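As annotated by Swiss-Prot, disulfide bond applies to CYS45-CYS100. The domain 'Ig-like C1-type' annotation in Swiss-Prot covers 25-114. The signal peptide annotation in Swiss-Prot covers 1-20, and the record cites similarity to another entry as its basis.
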Amino acid sequence: MSPSVALAVLALLSLSGLEAIQRTPKIQVYSRHPPENGKPNFLNCYVSGFHPSDIEVDLLKNGEKMGKVEHSDLSFSKDWSFYLLYYTEFTPNEKDEYACRVNHVTLSGPRTVKWDRDM
């Protein structure tokens, strides 16, 4: 076998090994600034440490998807796991509940993490 063919086979084997790795996402929900009722803020959902890259993330207000949600570009860490930041402007108050819902192949179903205004 020529050296270039051997190198190509080795590269394909190493890439296929990367696809076999699955890592469950870590989900963190927090506000950009300390929350004050009636004062505009940003709700953030930072999802990290997951593999493969295909993932669904929704920000929720009282269980319903929020509009005008933006997100960072998909990025990866040194260990080849991925991370993303989803965020939207919101105005906290005492009655509304906010959360982040994530669905990934490593989860048995969507996982919802509530925003804790005291964190």
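Positions of Cβ are set from backbone N, Cα and C atoms, glycine also.
CYS100 (disulfide bond) counts 23 other C-beta atoms within 10 Å of its own C-beta, drawing on all protein chains shown.
Residues belonging to the domain 'Ig-like C1-type' (25-114) score a mean pLDDT of 97 in the model. DSSP assigns CYS45 (disulfide bond) to a strand in the three-state reduction.
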